[in-house]
4 protein chains.
Amino acid sequence: MTAYTEKQYVEEMIATRRKIHQTPEEGWTEFQTTWLVAERLRALGLKVLLGTQVINPKAVMGRDPKLVEAAIKRALAAGVPQSFIDETGGYTGAVAVLETGRPGPVTAFRSDMDCVLVTESDSPDHLPTACGFSSKRPGFMHACGHDGHTSVALEVCRWLVDHKDQLKGTIKVLFQPAEEGVRGAGAMAASGVVDDVDTLIGAHVGTFAKLGTIGLCESGFLASTKIDVHFHGRPSHAGADPEKGRSALMAACAAAMMMQGIPRSGEGTTRIAVGRLNAGEGRNVTPVHADMQLEVRGETGEINQYMVKNVENIVEGVKRAYEVEAEIVKAGEATTLPSCPEVLDLIESVAKTVPGVESIERFNKPSGSEDCTLLIERVVQHGGRGAYFLFGCNHHGHHRADFEIQDETSLPMAFNMFKGLALRLNGI
Amino acid sequence: MTAYTEKQYVEEMIATRRKIHQTPEEGWTEFQTTWLVAERLRALGLKVLLGTQVINPKAVMGRDPKLVEAAIKRALAAGVPQSFIDETGGYTGAVAVLETGRPGPVTAFRSDMDCVLVTESDSPDHLPTACGFSSKRPGFMHACGHDGHTSVALEVCRWLVDHKDQLKGTIKVLFQPAEEGVRGAGAMAASGVVDDVDTLIGAHVGTFAKLGTIGLCESGFLASTKIDVHFHGRPSHAGADPEKGRSALMAACAAAMMMQGIPRSGEGTTRIAVGRLNAGEGRNVTPVHADMQLEVRGETGEINQYMVKNVENIVEGVKRAYEVEAEIVKAGEATTLPSCPEVLDLIESVAKTVPGVESIERFNKPSGSEDCTLLIERVVQHGGRGAYFLFGCNHHGHHRADFEIQDETSLPMAFNMFKGLALRLNGI
Amino acid sequence: MTAYTEKQYVEEMIATRRKIHQTPEEGWTEFQTTWLVAERLRALGLKVLLGTQVINPKAVMGRDPKLVEAAIKRALAAGVPQSFIDETGGYTGAVAVLETGRPGPVTAFRSDMDCVLVTESDSPDHLPTACGFSSKRPGFMHACGHDGHTSVALEVCRWLVDHKDQLKGTIKVLFQPAEEGVRGAGAMAASGVVDDVDTLIGAHVGTFAKLGTIGLCESGFLASTKIDVHFHGRPSHAGADPEKGRSALMAACAAAMMMQGIPRSGEGTTRIAVGRLNAGEGRNVTPVHADMQLEVRGETGEINQYMVKNVENIVEGVKRAYEVEAEIVKAGEATTLPSCPEVLDLIESVAKTVPGVESIERFNKPSGSEDCTLLIERVVQHGGRGAYFLFGCNHHGHHRADFEIQDETSLPMAFNMFKGLALRLNGI
Amino acid sequence: MTAYTEKQYVEEMIATRRKIHQTPEEGWTEFQTTWLVAERLRALGLKVLLGTQVINPKAVMGRDPKLVEAAIKRALAAGVPQSFIDETGGYTGAVAVLETGRPGPVTAFRSDMDCVLVTESDSPDHLPTACGFSSKRPGFMHACGHDGHTSVALEVCRWLVDHKDQLKGTIKVLFQPAEEGVRGAGAMAASGVVDDVDTLIGAHVGTFAKLGTIGLCESGFLASTKIDVHFHGRPSHAGADPEKGRSALMAACAAAMMMQGIPRSGEGTTRIAVGRLNAGEGRNVTPVHADMQLEVRGETGEINQYMVKNVENIVEGVKRAYEVEAEIVKAGEATTLPSCPEVLDLIESVAKTVPGVESIERFNKPSGSEDCTLLIERVVQHGGRGAYFLFGCNHHGHHRADFEIQDETSLPMAFNMFKGLALRLNGI
């Protein structure tokens with residue numbers, strides 16, 4: 001197998017990204033994407049870990065069995081073999097393992113594969129529309145760039161195989177499921193697949209970084225817990241017997257009011273958002289069901305826990321006050337970014353060598369959450385280290401119908417970053 | 001045309017009811033039912049009023065154009081001719097008019113045709129299942145008995161035609177759409193179709209009345225207004241920019257808390273129920289949409305208006321407090337039952353003559369609402385009078401999956417009541 | 001001792017009322033009033049029960065020891081002997097017992113003695129101002145007419161003694177403390193002092209009845225419970241450490257919102273009112289204390305208990321949600337009026353004989369609460385019967401600074417009512 | 001006049017502090033303290049500005065005329081001459097002006113004079129108790145150390161007069177009223193008295209700084225607005241006519257719930273605290289009055305304004321929802337600390353020369369608010385500069401009954417700091 005030319009790597013990577021873009025799959029349902037990944041990796045001769053090798057079912061959060069079931073049917077219909085579905089055990093995600101055969105450190109690169117629930121723009125101005133590779137699934141779209149992450153990771157795998165004789169130690173490339181809602185990394189970490197890793201590096205396209213910028217994430221990720229609350233009341237006729245009912249809707253509204261009012265913390269930034277509430281069956285029936293989706297965040301894990309604890313207290317409180325039942329389900333979790341300055345410095349020094357990188361910036365404004373932090377935390381707990389960087393693109397905003405990346409310029413930058421990192425960390 | 005025998009009337013009526021039971025249609029979508037009604041009436045040679053002849057579009061409440069559109073497609077697919085759909089102008093409902101040609105009073109009998117959103121029980125104990133006439137539309141069921149009302153009214157029409165030579169004046173038989181949610185009667189009243197009516201009588205199967213009982217409704221219907229509120233906020237990322245969002249969800253929750261707390265009235269019974277709330281787009285996005293369905297009731301129209309006024313104040317208040325938009329839509333309305341003791345006495349005297357009637361009771365406990373009150377109110381406003389009675393059945397509760405009526409015993413009682421009333425009011 | 005003339009009775013009664021009017025005492029602090037009552041009764045040679053003979057301390061509600069202590073000091077300063085205070089054991093209230101020595105039924109007449117917290121009008125139009133007998137205690141006023149009740153009851157006692165030889169059986173005249181807030185009757189009932197009573201009759205001046213009217217209370221009293229809730233949180237600096245505090249104020253506000261929203265009952269009328277809330281220590285300190293005064297009412301004792309139960313659930317709920325402590329104290333209680341039609345008929349027949357009575361009306365609109373109902377309930381539970389009537393006056397509204405009664409016309413009517421009742425029930 | 005010895009300055013300063021400690025006066029009522037200050041300053045021959053010379057009445061916040069009136073009576077009774085009260089025009093506060101007669105910069109030192117509403121500990125362990133100088137006004141206490149600030153400032157004035165021949169330019173020493181609740185500085189700034197100041201320096205005893213520490217405040221003060229809201233509803237009998245009332249209490253509770261839930265800001269730290277709520281007149285009367293005290297804070301003035309704007313929206317919202325009136329009154333205001341690094345550096349270099357200073361620390365944790373920021377801001381707006389430092393003491397917490405300062409060690413350190421700053425800034 002002759003090594004690809006630089007141009008071949010890039011062309012294949014762009015093509016892969018555009019292919020994946022057309023079949024977006026939401027978290028825990030990425031069976032077609034996982035199949036595409038596994039097929040490619042196996043074609044390269046790489047060892048591929050799947051299912052419970054990379055996902056600890058006990059640590060899985062926010063996975064809806066009904067959606068999984070439907071996704072498997074869809075995958076089978078699209079040509080994914082039943083034998084592969086069996087291999088996954090129903091859990092998406094994959095890890096490629098390159099054993100160089102030479103002693104050396106264990107390095108991990110992490111990507112993610114899921115889409116968001118947005119209907120893609122059909123404007124002719126929108127690049128995927130113009131170039132004919134927009135989403136074929138209405139209501140689903142790779143509007144956060146994970147299609148790009150996956151294709152970069154796949155291309156890095158080809159490059160690693162092509163250049164295996166220049167490398168030592170082990171390199172693992174992670175294809176994590178369900179990053180949206182920070183649901184997947186916890187279960188991947190809990191599988192132990194990164195426990196032997198010395199250095200884990202994750203990356204994201206866009207966000208704060210413009211095209212040409214490599215962003216070094218010093219901090220700024222908020223610890224976060226995603227929580228579902230299912231309230232269950234008792235029906236009654238709202239006109240004849242209001243006193244016989246127990247309104248799950250009113251319990252949920254009272255809880256939302258109290259949650260939004262959880263006191264700020266003098267210890268640092270907090271966040272609370274009740275993002276969804278679906279309650280009630282009919283206008284004139286005391287509502288029996290109310291399903292709430294919320295999230296809390298904190299500048300540290302402790303502050304985040306302070307918020308979680310208050311949410312729990314409030315739910316217990318409204319159960320008592322409204323005589324309803326309520327079940328709290330943890331639907332996602334992320335932590336803050338452990339600080340490993342020497343890995344950031346390494347990334348910086350590699351970035352200086354990558355063509356097209358015009359600026360290198362450090363970011364630390366508290367903002368969103370990212371469950372790669374749980375993988376880095378796991379690595380750090382086992383004596384390793386990690387970091388996270390951004391490779392820029394010019395976009396209109398993530399999770400929007402008109403989200404775009406300049407895949408022909410932006411993705412090669414990421415590809416070159418990982419190549420450089422591999423050589424620096426595992427070069428012979 | 002030879003007049004039916006008593007047995008023939010009953011058998012046809014039962015068969016009609018069982019036929020309608022299998023194709024339940026929710027309010028404002030009763031195209032198949034209206035078609036069945038109109039065909040039968042025309043076959044009897046009766047004049048049939050349809051569409052805007054019986055429905056004033058300006059007074060229509062709680063009609064969802066998308067559901068109507070889908071229902072029309074369904075009706076066409078089921079064989080309803082396009083020409084009939086055109087006749088309706090998209091508005092369901094019908095009124096049969098029997099002109100005897102002899103001077104005399106104008107009498108109206110009122111039935112309704114819509115189903116509720118319940119999935120019918122498939123238990124073998126459930127009569128419609130056992131006898132093979134249960135709903136063929138999952139999620140929809142004639143669980144309030146309007147299928148019985150329609151079939152009784154149709155059979156009464158045949159009897160009226162058969163006995164036209166014994167009658168004077170005019171008899172109108174109303175097939176009202178959308179009684180559930182008290183949506184349809186207002187628009188039928190506003191059409192003017194009952195403005196010339198001297199006596200209007202409505203009836204309902206079951207509720208408080210057991211099989212063998214005729215219930216005279218002295219009062220007990222609460223005036224009621226059904227209200228939809230559509231809150232519209234502004235999105236933002238809940239982690240990065242919570243201050244930039246305006247949460248429609250929180251505005252709705254605050255409104256629900258305040259609405260539930262509208263002070264009771266010393267003037268009489270009040271009710272408030274927020275029955276449904278669907279809010280939010282994603283867990284980590286400040287919710288842009290919140291749709292609330294609520295209802296208020298009052299022992300009098302004035303008390304009901306006191307509740308409506310407070311709901312309006314609260315919506316205006318949360319618009320201001322949360323900087324959201326909010327639209328209030330009236331989705332249904334009913335009033336209290338105007339008291340016409342002499343019509344109740346008439347019904348009582350007829351009931352005494354009907355075979356199978358074992359007891360006659362008077363009801364006045366405040367409970368539900370019924371928009372037949374708006375038709376009676378309209379008649380009273382134009383100098384007429386009206387009343388409402390119950391014909392009993394043994395049931396497990398209305399709007400339940402296992403709702404049943406004893407159609408072979410219960411419906412004939414209603415049929416005979418209306419026959420008797422026709423003879424008393426319009427007999428020559 | 002020669003019996004008074006009619007004129008003497010009336011003059012003394014008016015004088016007594018005007019004297020009491022000048023020294024209003026709030027519930028459980030009526031030491032000067034009780035002393036005045038006891039002195040008069042003893043001068044008449046009547047047996048007087050005091051303290052724990054008429055009040056069961058375990059059943060006392062809404063009695064503030066600090067107010068009692070201050071009242072005792074005030075009474076001592078006003079000349080009430082320490083020995084009398086000792087007799088009361090700190091509990092106001094008295095019962096006069098007339099034993100005729102002849103066998104016969106036990107009858108009880110009930111009056112009350114406490115004032116309300118209103119500052120009396122100093123307008124020259126206001127009769128007590130014009131006649132120089134207005135309240136000498138700013139902030140306190142006999143604005144509900146209990147001064148009149150007490151003076152009528154005292155004068156009835158004189159008449160009973162004067163006419164003892166025309167009477168048989170036993171007559172008890174109750175001077176109940178703390179009717180406002182329905183606090184005193186429960187403890188008087190629990191003392192057992194009315195357990196042997198065959199017929200208990202209470203009365204009130206004014207309310208719905210105009211001057212010249214005797215009102216027969218058929219129903220209309222709502223069962224009611226008065227509740228104090230003391231929330232206790234944890235302080236913290238609102239700027240530096242908001243997360244360390246637990247706000248009693250916010251817990252109370254959330255509780256108020258939820259209480260106001262307790263669902264109406266299909267069983268009958270309910271009421272909820274959070275009447276007072278005092279919370280917080282300083283603007284920038286998380287509030288530690290919040291004291292709430294509320295009341296619930298119900299058309300029946302069961303409906304009232306439904307409201308009480310919900311209040312309790314809500315308080316337990318906010319304790320849990322806000323991690324605060326909260327103590328619920330029952331501060332008052334009344335029930336509905338047990339129906340004893342034959343006693344009402346008796347009252348009606350006596351009213352027909354009383355000079356000045358121009359109309360006799362029956363009242364049953366749900367409205368306020370009255371703890372005489374607890375005394376009647378106790379009597380009924382022990383096999384007796386009871387009733388309550390109004391003797392009218394023309395007033396501007398009870399509990400107002402300009403409340404007035406026409407004592408020269410209204411009180412004699414009550415006096416004559418009780419005379420007549422005594423003769424009918426206990427005449428030889 | 002011979003200059004004092006170092007020992008004399010210290011002894012007098014301690015004595016002054018202990019004298020002031022015994023007569024604590026809350027904000028805007030410091031008439032006895034202002035009188036003490038003015039007498040001393042005039043005895044030193046200093047020009048003293050009073051009343052509207054140092055306070056702009058239009059900018060006064062949180063001043064209760066009733067408390068002022070009572071304080072003036074108290075001051076007169078304590079021997080303060082009426083002529084002095086007249087000089088103040090009812091506004092406390094003073095500024096001493098030392099004109100050296102030599103050209104040079106204008107420097108201002110700022111102290112404050114008001115106490116807090118705490119009852120001082122009577123524990124024998126408590127130094128003021130042990131040494132017999134504890135507060136003689138129960139419920140009022142110099143528990144924040146402003147007595148120390150005033151006595152240091154007075155002693156600095158004596159030292160300035162004693163060393164006038166070593167100084168150039170002008171030195172103003174500010175005795176600000178009403179720092180608690182950040183009420184006084186705004187009005188002093190608005191008077192223009194610091195408009196010509198080149199350098200303004202304020203200081204506080206304790207807080208984060210231990211005894212022996214000089215703390216340089218780099219940032220950490222939150223912009224803050226203190227707000228009173230007076231809700232006004234409509235009374236009604238809670239049992240008979242709940243629908244006729246408009247509950248100011250419920251409006252306030254709803255407002256509190258919504259205020260506590262104002263979304264956090266991605267721009268920086270926010271705070272909200274509803275610290276006090278007094279509502280309602282009687283348990284069974286719909287509450288007419290509700291008085292709320294709250295405060296908001298923000299990491300910047302803009303963020304604070306975001307909070308203020310939301311509070312205003314919420315108040316407008318509940319006015320509409322509950323049909324109540326509501327008045328918003330600004331009761332206090334502070335801003336963030338403008339950064340003037342060279343002044344901090346100057347303070348640091350002086351601190352290094354002061355005996356007893358063991359450590360010099362820089363503070364910037366967001367925490368409380370201080371209205372000295374408004375004076376510094378005013379100076380900066382006029383082209384000057386300013387800074388704020390802490391001089392440590394070992395205390396149990398400010399605003400506590402057992403707050404203590406080690407006046408014999410701590411105050412001399414502040415005295416020497418100001419001496420050194422005067423020499424550095426205005427030394428010839």
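Even glycines carry a Cβ here, placed using N, Cα and C.
TrEMBL does not curate its annotations; it predicts them automatically.
Quick caveat, the model's predicted, so the values are computed rather than measured.
These features come from TrEMBL:
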- C:Cys144, C:His146, C:Glu180, C:His204, C:His399: Mn(2+) binding site (BINDING)
- C:227-321: domain 'Peptidase M20 dimerisation' (DOMAIN)
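Projection of TrEMBL feature records onto the structure.
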| residue | record | Cβ within 10 Å |
| --- | --- | --- |
| C:Cys144 | Mn(2+) binding site | 26 |
| C:His146 | Mn(2+) binding site | 30 |
| C:Glu180 | Mn(2+) binding site | 24 |
| C:His204 | Mn(2+) binding site | 26 |
| C:His399 | Mn(2+) binding site | 17 |
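In sequence order, C:Asp112, C:Asp114, C:Cys115, C:Val116, C:His142, C:Ala143, C:Gly145, C:Glu179, C:His398 are the same-chain residues whose CB sits within 8 A of the CB centroid of C:Cys144, C:His146, C:Glu180, C:His204, C:His399, the residues recorded for Mn(2+) being left out. Helix, strand and coil residue tallies for the domain 'Peptidase M20 dimerisation' (C:227-321), in that order: 37 helix, 32 strand, 26 coil [DSSP].
Taken residue by residue with DSSP, C:His204 (Mn(2+) binding site) is part of a strand.
C:His146 (Mn(2+) binding site) carries a helical DSSP state (H, G or I).
Across the domain 'Peptidase M20 dimerisation' (C:227-321), the prediction's mean pLDDT works out to 96.
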